Amino acid sequence: MTELSRALRDAVAALRAGQLVGLPTETVYGLAADARNPQAVARIFAAKGRPANHPLIVHLASAEQLDDWAREIPDAARQLAAAFWPGPLTLILKRQPDVPDAVTGGQDTVGLRVPAHPVAHALLAAFGGGLAAPSANRFGRISPTTADHVREELGNAVAVVVDGGECEVGIESTIVDLSRGVPVMLRPGRVSIDDMRRVLGAPVLTPDAADTTAPRASGTLASHYAPATPVRLLDVPALYATVVAAAQSGQRIGVLSRTLTDAAPANGSVWLQLPGDPAGYARRLYGDLRRLDQCGATLLLIEAPPTSPEWQAVNDRLKRAAADRPAEGEGLPKP
Ligand code: TXA
Ligand code: MG
């Protein structure tokens with residue numbers, strides 16, 4: 001028996017016993033529990049320190065299980081599922097009445113996703129049912145993209161962490177709400193709003209354009225996905241000036257750069273270079289933020305990527321990482 005098949009066997013046993021499992025997916029690692037078992041789902045909230053009214057995504061082995069979880073499924077949902085599943089897209093749909101309130105946060109909708117990761121698929125197929133799984137980080141922290149990150153975040157709260165390697169997408173799935181008549185993208189991800197528009201041949205709105213109250217989505221809180229160290233998002237000239245000032249003042253900083261390469265860090269500062277393309281950047285982003293957060297720096301500087309549409313999901317995460325931080329200039333060495 002290989003290590004993976006042993007881990008899968010142990011994971012299925014743990015899930016059936018109402019315990020939590022670290023689930024590798026193509027986006028980020030999930031903290032999974034049997035979605036039909038409210039006590040098991042309650043353990044997710046306890047382990048994460050997450051407010052109980054925040055709904056969870058239910059992961060399925062195949063789109064054929066859609067009707068077990070959702071009702072009044074619009075054609076648009078079937079089209080998006082056919083185009084992007086298995087893959088990094090979560091559909092919000094009206095729920096079947098027997099979906100536990102613990103999963104939906106008491107809302108009349110449920111989030112559903114068929115992940116593309118082969119190990120996730122193997123676990124879901126072996127388990128047979130739906131797995132409720134938020135990202136496997138403590139509430140408000142950076143999502144894990146390796147099995148080691150999950151152990152670091154949650155330790156003994158997880159019975160088994162199934163190691164599926166490093167996540168290929170690296171940021172959380174796109175979320176689109178199809179429960180309101182017109183599709184509304186609640187969270188940007190690898191599947192873009194234009195990708196969805198092309199498949200549907202119809203508009204997909206953003207929450208600010210949709211004239212209705214947004215459902216609760218913790219990924220939409222301003223300061224979500226934040227490292228413990230303060231983060232500043234800067235253009236190249238400001239980044240360069242701040243690096244120079246930090247070197248002069250003896251401050252240790254962490255830098256996440258994309259194009260700037262030649263500002264030598266000092267004082268034990270750590271400089272990480274991310275790829276120039278949005279997919280490559282997203283894949284490495286959380287792992288690198290986590291490294292910088294642990295390097296003993298008092299401030300993390302991130303070179304702001306372009307604002308073009310293909311960078312929307314990355315910019316969304318960076319904006320949140322830098323949110324609720326000292327106001328302009330505070331905590332910064334003077335350039
Ligand atoms: O890529 C992903 O989506 C990862 C992997 C593990 O699948 N999961 C993930 O879960 O990011 P989480 O809980 O960290 O984020 C799920 C988001 C939350 O913002 C939650 O509020 C929202 O989905 N959500 C879930 N069900 C919802 C519903 N019925 N209505 C509105 N938002 C919902
Ligand atoms: Mg999360």
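Each residue's number is its place along the chain shown, starting with 1.
Placement of Cβ uses the backbone N, Cα and C atoms for every residue, glycine included.
Per TrEMBL, the features are:
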{"type": "DOMAIN", "residues": "5-191", "note": "domain 'YrdC-like'"}
{"type": "BINDING", "residues": "Thr27, Arg113, Ala133, Ser173", "note": "L-threonine binding site"}
{"type": "BINDING", "residues": "Arg50, His59, Thr109, Ser135, Ser143, Arg187, Tyr225", "note": "ATP binding site"}
{"type": "REGION", "residues": "316-335", "note": "region 'Disordered'"}
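Features per TrEMBL, on structure.
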{"residue": "Thr27", "record": "L-threonine binding site", "DSSP (3 states)": "coil"}
{"residue": "Arg50", "record": "ATP binding site", "DSSP (3 states)": "coil"}
{"residue": "Thr109", "record": "ATP binding site", "DSSP (3 states)": "strand"}
{"residue": "Ala133", "record": "L-threonine binding site", "DSSP (3 states)": "coil"}
{"residue": "Ser143", "record": "ATP binding site", "DSSP (3 states)": "coil"}
{"residue": "Ser173", "record": "L-threonine binding site", "DSSP (3 states)": "coil"}
{"residue": "Arg187", "record": "ATP binding site", "DSSP (3 states)": "strand"}
{"residue": "Tyr225", "record": "ATP binding site", "DSSP (3 states)": "coil"}
Least surrounded among the binding-site residues, given as Arg50, His59, Arg113, Arg187, when other CB atoms within 10 Å are counted: Arg50
Other than Thr27, Arg113, Ala133, Ser173, which residues of the chain come within 8 Å of the L-threonine site, judged by Cβ distance to the Cβ centroid of those residues? Thr25, Val28, Gly30, Ile57, His59, Pro88, Thr90, Pro115, Glu172
Of Thr27, Arg50, Ser173, Tyr225, the binding-site residues listed, which put a C-beta under 6 Å from ligand 1? Please answer none if none do. Thr27, Ser173
Sparsest-packed of the listed binding-site residues (Thr27, Thr109, Ser135, Ser143, Ser173) - C-beta count within 10 angstroms: Thr109
Determine, using Cα-Cα distances only, which of these binding-site residues is closest to His59 (ATP binding site): Thr27, Arg113, Ala133, Ser173. Arg113
Under 8 Å Cβ-Cβ from Ala133 (L-threonine binding site), six or more apart in the same chain: what's there? Leu23, Thr25, Gly30, Leu31, Ala32, Ala33, Ile44, Leu56, Ile57, Val58, His59
Which binding-site residues among His59, Arg113, Ser135, Arg187, Tyr225 have CB under 6 Å of ligand 2? Ser135
Reduced to three states, what secondary structure does DSSP give His59 (ATP binding site)? strand
In Å, how large is the greatest distance between any two Cα atoms among Arg50, His59, Thr109, Ser135, Ser143, Arg187, Tyr225, the listed binders of ATP? 24
